[in-house]
Each structure stands twice: as structure tokens, then as C-alpha cells.
Amino acid sequence: MERQNFVMFAEAVLLLLMTICTGMTAAVSVDGQYSFVVNSSNSPVQAEYDYIIVGGGTAGCPLAATLSEKYKVILLERGGAPFEKPNVVSINNFARVLADIDDATISPAQGFQSLDGIYNRRARVLGGGSAINAGFFSRANPEWINNRHMKWNRVNASFEWVEAVVASFPNMGTWQTTVFNGLLEVGVGPNNGYTYDHIVGVKVGGSIFDRTGHRRTAADLLQYANADNIFVYLYANVHQILFNFDPATGNPKAAGVLYTDEHGRAHTALLSNTVGSEVIITAGALGSPQLLMLSGIGPADHLNEFDIPVVLDQPGVGSGMCDNPTLTMMVPSRLPLEQSLISTVGIMAGGFYIEAASGPNEALGEVVALNTLDPEYRTFDLLRTFASMVPNFPQDALQDIANAGVLLGKIADPVSTGYLRLNTTDVRHNPIVKFNYFEDPADIYACIEGVRVMVELTRSRAMSNLTYPLPESVKTWAGYVAPLAPDTTEAALLGQWCRQTVLTIWHFHGGNYRDVVVDHTYRVIGVDALRIIDGSTFNSSPGTNPQATVMMLGRYMGLEILDERATSA
């Protein structure tokens with residue numbers, strides 16, 4: 001409690017100092033709402049801004065807050081605000097939020113199914129993935145930072161800027177402690193204790209859920225914004241980036257964006273004449289390549305299929321789509337387990353992460369049920385059918401399932417990649433995507449070795465104090481929710497198990513790779529006044545969960561851009 005009070009006091013002092021030292025108006029939140037966050041139906045039909053940011057997600061919010069320190073910024077978000085939706089901000093409703101996958105325009109999670117058959121979610125809410133995910137907070141692996149030649153002093157300062165608002169360490173209950181001890185027992189070490197850092201071994205990472213179960217999101221970073229300079233509009237669907245041509249460079253140059261509000265009325269945001277003004281896309285791994293294509297930047301032959309005028313023939317847009325294959329195992333417990341999302345993680349040197357979650361949640365079946373079917377048979381209708389079955393399970397089966405923990409295994413650096421293509425010219429609808437899970441044999445080998453350790457974990461002494469064999473009569477019912485641990489460690493059988501039970505952990509990335517679509521400053525190659533700063537530029541997912549790094553990147557690049565403007569002034 002003393003630490004919590006200190007953090008609250010420190011944040012209040014920071015906001016006061018910002019106001020006194022810079023003369024700007026600090027963003028004041030009233031019950032989580034900010035005065036500058038409004039429905040896009042109340043936005044002007046046309047206005048000019050120094051920065052137009054498309055996508056109020058994990059990168060967009062910290063980026064907008066940072067740039068607003070000195071410049072006029074508009075942030076356009078296609079969904080609503082997390083503080084408007086009580087389900088979003090409570091740990092008890094995590095699965096329920098993910099299960100709300102209405103394809104209209106209002107649910108925080110928009111469902112999509114890749115051509116691989118894997119059902120997935122993308123965020124449609126201010127705060128992006130940080131408003132719908134499992135909350136784990138862990139920094140990038142150092143190699144990821146080094147490979148991008150980032151400045152470590154600024155990286156660390158940007159992480160700390162984020163952590164001061166959204167991160168803390170979770171309570172450790174029976175399940176998370178058992179998994180922690182079990183991982184050490186089966187040789188996943190050393191013991192790294194509590195840390196945000198990515199270190200090989202076993203650790204307790206951070207969480208964006210506080211110890212009362214309240215979710216903090218990237219939208220909370222808007223408290224750093226200069227309220228006089230920022231305009232955040234909700235339910236704003238950006239349909240097109242507008243271009244003119246720069247005679248000095250011969251390149252197309254971003255001039256603004258066209259968006260509609262929830263009533264379908266058109267609005268135009270234009271860049272000001274201030275030198276250095278830019279459009280910055282932060283719409284995520286699906287949204288950013290989709291918007292580029294709809295705006296005429298992408299493979300020319302594909303754009304021609306939709307009669308989209310080609311602004312720039314860029315075959316790299318939509319290529320290299322990647323998702324981290326993930327496996328789950330249900331572990332029955334003889335004791336009631338705490339409600340917990342990801343806290344303990346085992347980071348194996350071979351590039352496999354083992355995580356844990358637990359606790360009763362009536363919507364759990366709606367989230368993971370389909371991974372008990374081979375991907376080629378998974379359909380949306382079956383998802384709904386399985387979900388409707390769960391409440392009607394026999395009472396003993398329901399009790400066993402409710403008292404179970406779940407282990408998750410993630411392949412850290414899959415080699416297999418796929419592609420993204422347009423499905424329609426309506427930006428509100430999902431594009432077509434294929435990730436090609438396990439197309440490269442290296443990914444199957446990584447899965448086999450990781451799952452072997454997961455099986456050993458379920459057989460460890462630490463687990464034996466907690467778990468028990470399910471009665472045969474219950475196994476069938478449990479199988480509708482999540483697979484039990486395989487009863488073999490034979491490579492061929494584990495490989496088959498990996499293919500049949502694979503699902504996503506929602507860390508998909510790619511589609512606008514660095515040095516292919518964007519340069520090292522995240523500027524779109526061959527286009528002026530346009531950047532992309534989000535997970536679509538990643539060729540690998542940073543750390544065990546990317547959200548901490550994406551938030552850091554938003555802050556980091558905001559500072560880099562401010563420095564560029566200062567030196568060029």
C-alpha cells in the first residue's frame with residue numbers, strides 16, 4: 001500500500017511539474033475519461049494537424065502523448081474507449097471480452113480466422129491489444145533491441161516511462177507458485193525472481209493488471225499528453241491515406257487521411273504546412289498493411305484486382321506475416337486455484353516459452369475450445385456450438401474444469417511466414433491472412449522439444465502435490481475446452497499433437513518489414529511524410545509478450561521524432 005501511494009503521489013507530482021515547467025495543460029482523467037477523447041461524430045469535417053496518427057493502440061497512444069508535448073496531434077481510433085466498457089478493465093472478464101467477437105463495429109475484440117483455420121482476435125478499442133490481452137508485461141530480449149540499433153539509454157528511459165503508469169508485479173497464488181517451482185525442477189533455470197527483463201530461466205514478470213484485478217492499458221499513457229495539443233477521436237474508421245506528389249523528390253507525399261464516423265459521415269484530417277508534419281500509421285499487423293493497400297501502396301497486381309489506383313508498387317506490403325504457434329495443456333487440480341493470468345514464465349534457451357494461467361471462468365471454453373480440433377475442421381459455427389455446450393456439462397466435469405490450471409507453450413521465433421491480402425475495399429472488414437504454421441520443419445522441431453518439457457512439468461514433484469488424474473468419464477468433457485497433456489514424449493507423436501492442437505497467443509506480426517517497406521526510422525520507403533510504427537514492422541515478436549516493447553517503441557520514436565524536428569529547425 002505504501003508503494004502504491006508513493007507511485008500515485010509521484011505521478012501527481014510529475015503532472016504538476018509538466019504543467020509548471022512547460023506551460024502546457026496536463027491531461028486530467030475523470031473516472032478514466034479524458035476531456036480530449038470524444039466520439040468522432042463530434043470531430044470537424046476538415047481540420048489540419050502537425051501529426052495524424054492512425055490507430056489508438058499500444059504504440060499509437062504513447063506516440064501521440066509524446067508528440068503532443070510540442071505539436072498538434074490527432075489520434076484516430078476505430079473502436080471505443082476501455083473506460084467505457086466495464087468488462088474490459090476487470091481481470092475476471094478477460095475471457096468474456098475475447099469471446100465477444102461480434103464482426104460489427106463495437107466489440108473491443110474483432111474475431112478473424114486465418115486461412116490456416118486458426119481463430120484469432122485483433123483489438124478494436126483505444127489502448128489496442130493492451131485492452132484485451134492477458135496482461136503480461138515483459139521487456140524485449142536484448143538481441144531484439146541491438147538488432148535495431150536502438151539507443152539503450154533512451155530504450156530504458158522509455159520502458160520506465162511506460163512502467164510508471166501501467167505495470168506492477170502480480171500476487172503469486174498456488175498455481176503460479178507451483179508452476180514456478182516445477183519449471184526449476186525440470187531444469188528450466190536459473191531462478192530470476194521478479195523482473196521485467198527478458199532473461200533465460202524462470203521468472204515472475206509484470207502485469208498491466210494491478211493487485212485488485214483492474215486493467216491498465218496504453219490508453220492510460222494519455223495522461224502524459226498535453227491536453228491543449230491532442231485530439232483523440234473514437235469510432236473513426238480511416239479509409240484512405242491522401243497523397244500528392246513532391247516535385248522536389250518525385251515521391252508521393254502523404255497529405256492527410258479520409259475517415260468516417262460511426263454514422264458514416266466523411267471527415268478529412270490534413271497535414272499542416274509546418275515542415276516535418278507527418279501521417280503515422282499505428283494500426284497493427286493487420287490494419288497497417290491493409291490501409292496501405294487500400295491507399296494504393298502494395299503489390300500492383302493485387303491492387304489492380306480491386307481497381308485501386310497504384311500510388312507505389314511495393315510487393316513487400318503484406319508479406320512475411322508471422323504468428324507464434326502456441327500450445328495449451330489443461331492440468332486438473334485437487335484444490336481450487338486462484339484467478340490468474342500470465343505471471344510465471346519459463347524462458348528456454350532454445351526459444352520456447354512456458355507460461356501459466358488459472359482460475360474459474362465461465363467463458364474460458366469460448367476462448368480455447370477449438371484447439372481440440374484439427375485446424376482444418378475449425379469453424380466459427382463450431383466455436384459457438386462448443387461455447388454453448390460448456391454450461392451444460394455434467395456437474396462433476398464442470399467442477400474439474402473450473403479447478404484446472406492451464407499451461408501455455410509459445411514458439412519464440414518461428415521460421416514459417418505467410419501473407420496478407422485484401423478481402424474487400426471496406427476497411428471495417430478483416431483482410432485475408434495466412435501464417436503457414438509449421439510450414440518450416442524447424443518450427444515443428446522447436447515445438448516437440450518445448451512440449452516435451454511441458455509434459456515433464458506436468459509429471460514433476462511440484463505438480464504431484466496439486467494435480468490428479470481425471471476420471472475417464474470427465475476426460476471427454478474436458479477435451480472440449482483444452483487438451484490434456486499427451487501421454488507420450490515420442491517425437492513423431494508430439495509433432496502430430498503440435499499440428500492438431502496449435503492455436504494463437506495473439507502475437508502475430510509482420511506485413512511491413514523494416515528495410516523492406518520502412519527504413520530504420522520507420523519511414524515508408526519511396527513515400528514522403530509517412531511512417532509506420534507498430535508490430536507490422538517486426539520480423540520477430542519481442543520478448544515473451546510484445547506489448548511492453550510496443551508501448552516503449554511508441555514513446556521512443558516520439559522522442560526521436562521530436563529530436564529530429566529540433567535539430568532541423
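One-based numbering along the chain as shown.
Glycine is no exception: its Cβ is also placed from the backbone N, Cα and C atoms.
No curator has checked TrEMBL annotations; they are predicted automatically.
In the disulfide annotation of TrEMBL, Cys447 is paired with Cys498 out of the candidates Cys322, Cys498. Long-range Cβ contacts of Trp506 (FAD binding site) within its own chain (separation 6+, distance under 8 Å): Asn120, Arg121, Gly129, Asn133. Per the record's binding annotation for FAD, residues Glu77, Arg78, Val125, Val238, Trp506, His507, Gly535, Pro546, Gln547 show a top Cα-Cα distance of 25 Å. Across the domain 'Glucose-methanol-choline oxidoreductase N-terminal' (284-298), the DSSP tally of helix, strand and coil residues reads 11 helix, 2 strand, 2 coil.
The two recorded residues Cys447 (disulfide bond) and Gln547 (FAD binding site) have their Cα atoms spaced 23 Å from each other. Calculated from their C-alpha atoms, the gap between Val125 (FAD binding site) and Cys498 (disulfide bond) amounts to 32 Å.
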